[in-house]
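Per TrEMBL, the features are:
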- 6-126: domain 'Arf-GAP' (DOMAIN)
- 129-230: domain 'PH' (DOMAIN)
- 252-356: domain 'PH' (DOMAIN)
Amino acid sequence: MAQERPRALGELLRRPGNARCADCGAPDPDWASYTLGVFICLSCSAIHRNIPQVSKVKSVRLDAWEEAQVEFMAAHGNTAAQATYETNVPPFYYRPTPADCHLLREQWIRAKYERQEFTDPEKQEPYSAGYREGFLWKRGRDNGQFLSRKFVLTEREGALKYFNRNDAKEPKAVMKIEHLNATFQPAKIGHPHGLQVTYLKDNSTRNLFVYHEDGKEMADWFNALRAARFHYLQVAFPGASDADLVPKLTRNYLKEGYMEKTGPKQTEGFRRRWFTMDDRRLMYFKDPLDAFARGEVFIGSSECGYTVLDGLPPSTQGHHWPHGITIVTPERRFLLACETEPEQRAWVEAFRKVVDRPMLPQEYAVEAHFKHKP
């Protein structure tokens, strides 16, 4: 009989909807919540374990199952749970993938099953109201210390602002929602809830690094920023569908890491810099947590004269890491070097993805700004 149950569960996993984790979409889930009736992956099962009042989990293959529990799974499953717990997920609310950080997956799971935010739209007020204010720990630009700062997000003004003092009349910075991005960077920031916010100032990228000790608070800020971006884009692109707009709300970086670079004359030595590939902007920093990039390079498409080459020209001078990359733009060549071959391959792949993608009309305007930079 014990053998029958895993076999019955195995058959249930082949049903439509059950072949992927109910929470993050990872393939081949081999855990299940026998109180919610969903099949989930190992990572998400660890989060379910932390909410035992709502969810109790078992391994599909390794644990003993009672007949009633198997019947409960058969009567429910991932598709039925989705219809129950995801009835009113706002289009802008971030649905995590297997690659996302723990915070995003945990808060999505808690929002669904514990707080049931998507069955009662009134519970979505913290990120749907169009206005949000509160305190976040923000990293100081010069000294690297995190200090409590008041942040205000206002869709009416189309901006995120922060204030250096509680009683300050004027904000320290005003970040236009039009050019705002937010991405969780726990390893870089050194906090599991670390969020990197970028915005454009005089067409150059500026970084802010923030966190909040409370995971829900941080996820609510992230989704409030996405909501503000969504409503801005709905006005900017009136004919666009939700499916067109949602990928534009926030974006993760295509690649980050250390490479070495040399200057435009290619005679000075190579220096180690932290590089970030953000859509078509390749930025480099002295330190990963710098507020400003030392430089930015626009990477267009191959049809506009941009190419990525393996290796460096034979005439390259100076000591540098062994695995080179040459980026050719209409104006000049950029010489970069990676420490290892896998790193070089990963960077070349990231660059080629960008170069192979045709440029959008608005990207030509961005390219023109780069060409006219002093």
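Cβ atoms here come from the backbone N, Cα and C positions, even for glycine.
Quantities reported herein were computed from a predicted structural model and do not represent experimental measurements.
Counting residue by residue with DSSP, the domain 'PH' (252-356) contains 18 helix, 41 strand, 46 coil. Across the domain 'PH' (129-230), the model assigns an average pLDDT of 95.
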